[in-house]
Every structure is written in C-alpha cells, then in structure tokens.
Amino acid sequence: MSNWVVRLAPVAVHFFLLTSQVTEVSSLSPAQPASLSSRSNSKGSFAGPVSRRSTSLFGIRSTLARARDSLFSAERSDADLKSGIAFFYDRSSKLWEDVWGEHMHHGYYVPEDRTDHVQAQIDLIDEVLKWAYGAEDLAHIGPKRVVDVGCGIGGSSRHIVRKFPGSTAQGITLSPYQANRGNELAKEQGLSDRATFQVADALNMPFDDSSFDLVWSLESGEHMPDKRKFVNELMRVAAPGGRLIIVTWCHRDLEPGEASLSKKEEKILAKINRAYYLPKWCSVADYVDLLEKEGAVDIKREDWSYIIAPFWKAVIQSSLNLKSVIGLLKSGFSTVRGAYAMLLMLRGFNAGVIKFGLITCTKPVTSELPP
Ligand code: SAH
C-alpha cells in the first residue's frame, strides 16, 4: 500500500502541476506586468484586436502545447527562456525573501549539520572570495569595482561593498521586480550610493570594456543559453588583471571516451530545466575550456557539491509550514513547479550528475586577448 503511495505521488504532483498550468495560462490577461505580457506577446496571444472566440481557441491551443511541452520536458527557445526567467523571478522572489532573506543561493555547510541557514549563505560568499583570491590577497587587495551578473535582489553586492570599504557594485538581472527590490534594500541599508541594480542581459551587458576588477556570477550561469557568449562578456567587462568568479550548477565532467550523459541523467536535467527556466547544461571542464579560449589565466576550479549538500533538504523543510505553503500557492504555477523541482535537484546531486562548480581566473594584464 505505502509502496503505491510512493509510486503514485510524483504522478499526482505532475498532474496537479499540469492542471494548475492550465488554470494559470488561461487566467493571463493583457494587464499583467511587462515581463509577463512580453512572454505572452512572444506567443502572439495578446497582440492586436482579435475576436473573443479566436482568442479562447488560441488560448486553449497554446495551453495544450504548454502542457505537452511540460509533460515531455521540452527545451525552450532562447526568447521564451529570457522572458520566462524574468517572469519566474518576478513571481517567486518575494516569497523567497520572506522565507529565506536576501540571498538566493546555496549555503556553506561546514560543519555539515549547521542550522543557521542564512549565515551559511553569507559564509558561502566569504568562502568563495577567500578561495578565489587567497585569504591574504583578499585582505590586501580586495575588489573595488564589482559587477554582479545575475544579481537576484542584490544580496551579494551589498555584502561585498560592506565588506570592502570604498568599493562599489553594479548588479544586473532580467527581473524588473528584483532590480527594484535590490535598489530598495540598498536604500534601506544606506548603501544606495555604492550598490545599484538594473535590468540588463548578461549576454549583452550595458558596460564598457575593462570596467570591473571583480566580475561575480553566483548561480546565474546555469540560466545562460549561450555559454560562449556569457564567458566572452564576463571577460570583456573585466579590467586587465581583474578577477572572474563563476559559481554555477554544472553537470558532471564527461569521462574520457564518453560523448554525452546517460539518458537517465539527461531526463533529470530536462525536468529541472522546465521548472527553473534553464537551457542545456555544461560541465566545469567546458567552462575551463571556454575561458582558456578567451585567454584567461590562473584558471582554478573546484567542486563544492559536498559543501552545499544539506542546502536543499533545509529549503524543503523550511517550505513545509502553513505560511510557506500559502505563499507558494499564491505565487502561482511557476513557483509551485520550482518547489517541486527541489526534489529533482536533490536527486541530481545524489546521483552525481549535478555539480556545484566554482571557477575563477584572471584577465591577463599584458598579453593580447584573442579577438
Ligand atoms: N546571484 C543572486 C541570484 C541568483 S538567482 C544570488 O545569489 O542571490 C539567478 C539570477 O540570474 C536571477 O537574478 C536572474 O534574473 C539572473 N539571470 C538569469 N539569466 C540572466 C541573464 N541572461 N542576464 C541577466 N541576469 C540573468
């Protein structure tokens, strides 16, 4: 009997998600926020005056198409991905902040059984900086001009400028909600002259070449559909001698002679991609390869999957209370599906296919960079 419950539970959850998707999509209206309506426009559903009947027929067709794509974990186009990311974070960031605070990333679980989760998230930033610069260099040099690529609501930027007197940070995100909230929090914390946030695309950043001595990307790389362009942009905005730090979800490195992940591994990742608006994954080795091609030097990599391992269990536990469940349901389908995908993340880490990768390097001072 209990065996049946365990087997049927994922089916039931999937069914619930599909039906709530139908409800959500059919309840969209042209009055939705910009990020949402651009998503709808990309499908053409709200563009121009159309009859009520054809609108509803189109609505049903696109709803069915979405339900089918969701069921088969279909890959999204780059345009859908971009508007979907903005929509997902517009909708879910308030709930995350209410439950977890201003940092939207994993925690540093050393010791493994620590329960101060927000502090664990702050420690992750500090430990990553220490790992990348070395404790001594960090104390002596420290960053002065920081770009926070995929900044969420700006937790890293504000922490870094507080830590390094005289430094400034500029954060970019696809979500208008997050950019506004980041600026609001900077004002509340008396940091608005040193930490600012705007909506911009990491694949086409609104910054001059060589502008920053720290290019920081914490758990945003996994969203980038074109990793080569992403790495190219990170290197472009880094000042000569500046440091890049990329902390991101990767799939495991492929073994020699292995052409791809197994079908089973691909299937787990495809489901996570639908929920978190992610494109195809790459490995840490792929990042190293791309950085080498860009002429980066002092490249260092590390796998911290074991350090962040307790995080998802903590997130899942924290969502098992009435306030979180109500908040979750109020945040809509994409957030509910994001919560469901936590179980898949856990499964992916346990299966060894998902890695929490750290990569750092510097942009050379003198040598010619490839075009
Ligand atoms: N680094 C933050 C947030 C991580 S969540 C933190 O640790 O708190 C992922 C972030 O990446 C979101 O803010 C999302 O908007 C951003 N993002 C994803 N794709 C992006 C893109 N193409 N350009 C800019 N930001 C992007």
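The backbone N, Cα and C atoms fix where each Cβ goes, and this holds for glycine too.
The compositional bias 'Low complexity' annotation in TrEMBL covers 30-40.
Per TrEMBL, domain 'Methyltransferase type 11' is recorded for 147-246. For the domain 'Methyltransferase type 11' (147-246), the DSSP counts in helix, strand and coil order read 36 helix, 30 strand, 34 coil.
Annotated region 'Disordered' per TrEMBL: 30-52, in sequence order.
Over the region 'SAM motif I' (146-155) the predicted model carries a mean pLDDT of 98. According to TrEMBL, the region 'SAM motif I' annotation covers 146-155.
Cβ atoms under 8 Å from those of the region 'SAM motif II' (210-218) belong to residues 105, 125, 128, 143-150, 156, 160, 202, 234, 236-248 of the same chain, restricted to positions at least 6 beyond its ends. Under the heading region 'SAM motif II', TrEMBL lists 210-218.
According to TrEMBL, the feature region 'SAM motif III' maps to 237-246.
Residues or ranges marked as signal peptide in TrEMBL: 1-27.
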